[in-house]
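Novice: Shown below is the structure under consideration.
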Amino acid sequence: MAARKRASAKPIPPPTPERTTTQIDPPIAPPKKALIFKFCLFFSIPYFYLLYQHHEIDQDLRKSILTNAALCVAGFFLTQRMIPVASRYVSKRGLFGFDINKKGTPQGDVKVPESLGIVVGIVFLVLAILFQYFNFTSDSNWLVEYNAALASICFMILLGFVDDVLDVPWRVKLLLPSIAALPLLMAYAGHTTIIIPKPLVSYVGQEVLDLGWVYKLYMGLLAVFCTNSINIHAGLNGLEVGQTVVIASAIVIHNLMQIGASSDPEYKQAHAFSIYLVQPLLATSLALLSYNWFPSSVFVGDTYTYFAGMTMAVVGILGHYSETLLIFFLPQVLNFLLSLPQLSGYVKCPRHRLPRFNPETGLLTGTRDGTLINFYLRIVGPKSEKSLCIHLLFVQALGCCFCFMLRYFLAGWYK
């Protein structure tokens, strides 16, 4: 859900002899390359340290991860080149909006192309499919689940774009991830057991519990939550993509740490599988962020939020670290709990639950709507859109750091 108001669909008048010229929208602003360079520089330090120094990682596994990373670098530049081209096409078809958080200013009257998440989704799928040539063989045990994961992600991209075009009611949106997760759930052949936390073993009576079909139900619910939680924690330039970049970075770091610390080949492969899907998500999202960061040149649309949420849900499920993933999603969990009264209909839910913008001061003020954005503004006071987005992404990063600390201190005691 972007901070935009869609243009009403008005019929295009037929050309007349007097109207011989065609109004051409100006090109979108160039990407903010300095922002992406700073992030890549910061992220590369722990990435290469974990890959080469901190743990001894198998040479073949390291080669596969780096091959995937090389493809992602090419995907980043391809996405950056495709976004300006695609923005012209979506604008011609009436897929543009106006930034509500700039209403009353000249920027609030600018047509902003939306649904550009479709570009990210397409490039992601191309990268993920090409990577099979370098890593998987026809008899690979992971190939079926890998293709099932891609089918679910592709399905979610399609449904997200349908939502952008048709503006599906939010109650129907809750069902879309359930439909998209079906290929993954049907193809899933992994275990359906959970390890009981050590403090609870004496009460349960066993260390491992087989949940059967309940585990698959949990997988489906996780996909629904991750997809919609990204979609409702939105409304600021760069927030949807920014939170995805932060969580995806944490997932990559977590997977590298688990690969290096484990001696179980199956466990290592599960986390490597996760990296193979998250690195393309991270690379293509960074390309989109270079256009979506404040002031936004494009809107990502529900296509992107659904795609990003489903991808992270898929890797959490198949990588067998759904508990860790939910802690990475801590701000999204809090936002969901704050939103629950309005989403359930107990409290009136407006079309846009955004903060109030003051065009004179250029600051956003929190409203009584139940979102983390408004809750944060009510605590810290009015802030500019860019400053507020940075603060919320910092909170997201703190949530991920909290997860790493929690795993470190509970290791050996909890499980």
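Just so you know, glycine gets a Cβ as well, placed from its N, Cα and C.
Sharing the feature lines straight out of TrEMBL:
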- 1-27: region 'Disordered' (REGION)
- 35-52: transmembrane segment (TRANSMEM)
- 64-83: transmembrane segment (TRANSMEM)
- 116-136: transmembrane segment (TRANSMEM)
- 143-162: transmembrane segment (TRANSMEM)
- 174-196: transmembrane segment (TRANSMEM)
- 217-236: transmembrane segment (TRANSMEM)
- 242-261: transmembrane segment (TRANSMEM)
- 273-294: transmembrane segment (TRANSMEM)
- 306-330: transmembrane segment (TRANSMEM)
- 388-410: transmembrane segment (TRANSMEM)
Novice: At least three Cβ pairs under 8 Å linking the transmembrane segment (273-294) and the transmembrane segment (174-196), pairs spaced 6 or more in sequence?
Specialist: no
Novice: Apart from its near flanks, which chain residues at least 6 from the ends of the transmembrane segment (217-236) lie with a Cβ under 8 angstroms of it?
Specialist: 1-3, 101, 152, 156, 173-174, 176-178, 180-181, 184-185, 188, 211, 243-244, 294, 302, 305-306, 308-310, 312-314, 316-317, 322, 325-326, 329, 331-333, 335-336, 339, 343, 352-355, 371-373, 385, 388-389, 392
Novice: Mind checking which residues of the chain, 6+ beyond the ends of the transmembrane segment (306-330), have their Cβ under 8 Å from one of its Cβ atoms?
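Specialist: Sequence-distant neighbours of the transmembrane segment (306-330): 117, 120-121, 124, 145, 149, 152-153, 156-157, 159-160, 163, 176-177, 180-181, 184, 188, 190, 218-219, 222-223, 225-231, 240-241, 244, 247-248, 250-251, 254-255, 258, 270-271, 273-274, 277-278, 281, 285, 399-400, 402-403, 406-407.
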Novice: With Cβ-Cβ distances below 8 Å as the criterion, list the same-chain residues six or more beyond the ends of the transmembrane segment (35-52) that contact it, or say none.
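Specialist: For the transmembrane segment (35-52), the sequence-distant neighbours (Cβ-Cβ under 8 Å, at least 6 residues beyond its ends) are 62, 65-66, 245, 249, 252-253, 256-257, 260, 286-287, 289-290, 293.
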Novice: For the transmembrane segment (116-136), find every same-chain residue at least 6 residues outside the stretch whose CB is under 8 Å from a CB in it, and list them.
Specialist: 64, 67-68, 71-72, 74-75, 78-79, 82-83, 86-87, 90, 142-143, 146, 150, 153-154, 157, 160-161, 276-277, 280-281, 283-285, 287-288, 291-292, 298-305, 307-308, 311
Novice: Sort out the residues at least 6 away from either end of the transmembrane segment (143-162), same chain, that have Cβ-Cβ distances under 8 Å to it, and list them.
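Specialist: That would be 115, 117-118, 121-122, 124-125, 128-129, 132, 136-137, 168, 176-177, 179-184, 186-190, 223, 227, 273, 276-277, 301-307, 309-311, 314-315, 318.
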